[in-house]
Every structure is written in C-alpha cells, then in structure tokens.
Amino acid sequence: MATETKKDLLPTPETKPGCSGKFNPYKEVVIMGVSFMLIYCCYGSVVGLQSTINIKGGLGTTSLMVISIISAVSSLTLVPFIIDFLGAKTALMIGEAGSVLFITANFYARWYTLMPAAVIDGFVDGAIWPGSGMYITWLGTKAFRRFKNRHPDKEITKESFLSRYFGYFYTFMFCGDLLTSGLTTLSLMAFTNLGPPAEMSSNQTQPELETMPVNESDAMEQSMFGDISQCGANECQSNFMSANLTDEDLEMYIPSKNSLYLLCGLGMAFGLTAIAIQFFCLPPAPSRYEQERKAKKALKLEYNGATDRHETKLDDGKEENDEENDDNKVANVRKEMRMLLRHFVSPLNLLVIPFLFYCGLYIGFQLTEYPRAFVSCVNGVEQVGIAYVVLSVSGVSTSVLCSQLIPKIGLRRFLIIVFFVHLTIYLVCRFWVPTVDTKWASYVIAVIIGIGGSSIFNTMPLVTNRFFEDSLAAAFGTQNCFMAFGYAFSTGWSLGVCVYAKIYLLLGFLILAFVCLIGAELLRDRKLKQKKEEEEKNDIA
C-alpha cells in the first residue's frame, strides 16, 4: 500500500468533494455526464434544427456559421487563459451559459435577435469542449494514479483509463441526445397542423427555383418541392435563399409556433438545471497555475522543515503581498502566450490540425445537411425528431462499444475502423436517390451517421491526449478552434453548394486528415525513440 507524502497531505482542490460526498472519480464522471447530457441534448436539438426551422434567408445556417467562426478565434485567444487561470469547471459553465442564451433567442428568431445571441455564444462556446475534455482528463488521470498506487504490478496504460472515462462521458451525452430527440419528436408532432408555421408570409408568389438533376448529366425541369428525388445528395439550400418563398414551399421545413415554444422552453429548463448541477455538485478541477502555486508552497514548507500535517496546512489568509501576486500573474500570462505559440507552430500540431478540421466538417454535415436534405426534405420536419432518436440510439451503442474496444485494440487500429465507417457514410449518402418506396432509408442513414459521429467524439480527446500530454489546455483549445473552423466552413458552404458536391469535398478532407494522422504517428514514434535513447545514455553515464 502506498504511503502518503507531504504533497498528498496538502488540501489542494483535487481533494475537495462535490455534493456526492467523498471525492470519487467514478461518481464525479456520472455527475458530469448527467449534467452535460442535459445541456448538450437541448442545445444540440435547437442547433440541429437551425437549418430547418430558420431556413428562410439562411438565417439558421448563418447564425451557426457566426458561432463557429467566433468560437474558433476565442478557442485560441481566450479559452486557454480561462482554463489555465480559472479551471476547467468554470470554463465549462461559462460556455454553457452562452448556449442557454442562444436557445432563448430562438423564441423570437429574427436577424436582430438571433445574430447578437450567436455572437455572444460564439465568444464563450469555445470553452465547452476544452473545459469538458480537460475535466474528464483530470478525472481519468486521477483514477489511473489511484489504480497504479493500489496495484503497482498490473500492466495498464493511462490511455486505456482515459478512453474508458471518455467512453462513459460520451455515453451519457448520447443518452441525453436520445432523450431530447424523443422530446423533440413529441413537441414537433404534438402540434402538427394545429397552427401556422413559425415564420410564414402570405401573398407571395412561387419563385423560379434552381433544381439539381438526379445525375449531373441529366436535367429535370421539376421543382424540388414536388419531387423528392431532388432531396438527399441532390438538394441545394441555395433554393431557399429567395425572399419570395410561399407558405407551401416551406411547410415541409418549418414547424408551428407552439412546437418551437415548447422545444425552446424545454431547452432553457434543461440548460439551467445542468449549470446548477455542475455548480453545486462537481468539485473544482485545479487550474494549471493554482497547481503550480500549491507545488511551490509545498516545496517552501518542506524546505523550512514543516513535517507535521497541521504545519503543512495552507492558510489562505497568509498570501504573498499584492505586488508579488501581480508580478506572478503577469509572468504567468506571458508564459501562457509563449506556450500557446510554441504549441500552435509545433510539427505535431500542424499534422493533427487537418483531422480536427475534418471533425468539424463532419459534425456540420450531421447537424445541417442530414436533418434538412435527408429527413425534412424527404419526410417532413415532424420526422426529424424520430430520425434523431434513431441516430442517438446508434450513438449511445457506439460510445459504449468504444469504451470497451479502444482499450483492447488500441487507438491506432480504432482510427482505421473510423476511416472506413466514414467512407461508407459518404458513399451511401451520395448514391441514395430518395423515392416514395425508399423513404425508410433516411433512418438507415441515421444509424451509420450516428456511428460516425460517436466514433469521432470518442477519438478526438484521445488524439489530443496522445500527442499533447504536456500542453493540454493549449491542445484542447486548438482542438475546439479547428473543429469550429471546420463547422463554420461546413455551414458556410451549405448556403451555396449542393449536397452532392459537399460529399465529394468531405471525402477529400477525410483522406487528407488520415494521411496527416499517419505522419503525426510516425513523428511521435520517432520522438519517443529519441527520448528513450537519451534516457539510456543518461543511465549509462
């Protein structure tokens, strides 16, 4: 049994329990998963319907693009400072507050209400994924250290612990997606044909719309509204940019006001509940500079001969003078900026960036193209909730499988599986031509898209931890930055590029991303080999 050291006796934030009682990583990951389940599912439902419920003039898609662009910038300039100075828990709650604001703006979605909310949400949204990633990494690392202390002879890697913890976390997240998909279905279908769509204009004439042929070489003169073969890969959102669309044109896409009010009301309630659970029940993960300050104090106490447990207890009332604290803060800010710059231009980071960018592209495809072109256009907006139930069940099952499979086969082999899953998704989406008899296939597509999305979410934080263990705050900030850029790019091209062209672009980025990941693995192996050789030389010397 491991003995306690002076550092173990220090009352650091790691030993402060939440409302679950004594600190237990397994309990905390459950609390974290349940709370994040609530915020993610309600925000994800509203975001996932933006390209449909706010389709007129491209308002919904444009708002998502604004969020993504601003979030990408803040992920590199603001989020690492929030995490390293305030901690992962605080960063997470700040980001979630922006999500609740964006949901609220959808009660009355107009350019002058939704866009300001999107800007504010964009500034803080970048803290959600890095904050949650850092928090789960902290829990998984602490659980790994406890296990190694109790079982020093057992062969187990930190990566296997992290993969399990992220698997648990994302299982809760997709369970929340499943729950909210059910609520979305009820809210959309409960008021079907009981009121006018949320944003409709009368006395408007049918515009002449551009149509895309089923095959690029064949021309069809039919309107896409009357021919579902123009849905799926052949759908073009540019058809909806006209201001002269009629009620009949958009009735397949926009639900009633009652449905929207119910959906947004549930979203607000779930979001505020999630923030309250995290605030009262989760222990604060120590910030980077808080840990450094505690470590310095521990060394100082040890140097002064403070060996008694009571003597090592830190007295918050006896801090260094204000001038010294200010100097330390300035020095820490400069240190953080240098670390961010070094991380950003490092060869490993440059090789991982295409994979992160591709992940953002895929998430954009899942949240914009799929519900609009493969569900609403084929079956009507009321069926989006059902499709997301199917997608969420697929995601939950895949996340559970990931938590068990990745520790057994390793991250490298699992990434090969991810590549072929995504390749299959694009081939199916590209060559499926919707007909009255094949509408059911949109739900089959939901299954494979759910598998692809869940595998992406489970591998991203593991890739970040694998390559950048020494600079996690900067790495998670970079992860969110280029994911957001990819998502912004995906939503931006939704306005002017037909779905079939986006699929070809996604295929190209998929190949590029995994070629670069292979290069990153080779570079990492070379660095580890050099480090091992240096250690052997030092041992000999």
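Glycine too: its Cβ is placed from the backbone N, Cα and C atoms.
Here is what TrEMBL records for this protein:
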COMPBIAS  317-326  compositional bias 'Acidic residues'
REGION    309-329  region 'Disordered'
TRANSMEM  29-49  transmembrane segment
TRANSMEM  61-83  transmembrane segment
TRANSMEM  90-108  transmembrane segment
TRANSMEM  128-144  transmembrane segment
TRANSMEM  165-191  transmembrane segment
TRANSMEM  260-282  transmembrane segment
TRANSMEM  344-365  transmembrane segment
TRANSMEM  385-402  transmembrane segment
TRANSMEM  414-434  transmembrane segment
TRANSMEM  440-460  transmembrane segment
TRANSMEM  472-489  transmembrane segment
TRANSMEM  501-523  transmembrane segment
Non-local residues, at least 6 beyond the ends, that sit with Cβ under 8 Å of the transmembrane segment (29-49): 18, 20, 60, 64, 96, 99-100, 102-103, 106, 132, 135-136, 139, 165, 168-169, 171-173, 175-181, 183-184, 263-264, 266-268, 270-271, 273-275, 277-278, 281-282, 367, 371, 381, 384, 388
Tertiary contacts of the transmembrane segment (472-489) (same chain, 6+ residues out, Cβ under 8 Å): 64-65, 67-69, 71-73, 75-76, 79-80, 83-84, 125-126, 128-130, 133-134, 137, 288, 339-340, 343-344, 349, 353, 356-364, 460-461, 464-465
Residues of the parent chain within Cβ reach of the transmembrane segment (61-83), under 8 Å, 6 or more residues beyond its termini: 47, 50-51, 54-55, 90-91, 94, 102, 114-115, 117-119, 121-127, 130-131, 134, 237, 287-288, 333, 336, 340, 344, 360, 364, 367-368, 473-474, 476-485, 487-488, 491-492, 494-495
Contact call for the transmembrane segment (260-282) and the transmembrane segment (90-108): at least 3 Cβ pairs under 8 Å, seq gap 6+: yes
Listed stretch, out of 90-108, 128-144, 344-365, 501-523, that has the most CB pairs under 8 angstroms to the transmembrane segment (440-460): 344-365
Stretch in 90-108, 344-365, 385-402, 414-434, 501-523 most in contact with the transmembrane segment (128-144), if contact is a CB pair under 8 A: 90-108
Intrachain residues whose Cβ lies under 8 Å of the transmembrane segment (90-108), provided they are six or more past its termini: 39, 42-43, 46-47, 53-54, 63, 67, 79, 82-83, 114, 116-118, 120-128, 130-132, 134-135, 260-261, 264, 267-268, 271-272, 274-275, 278-279, 284
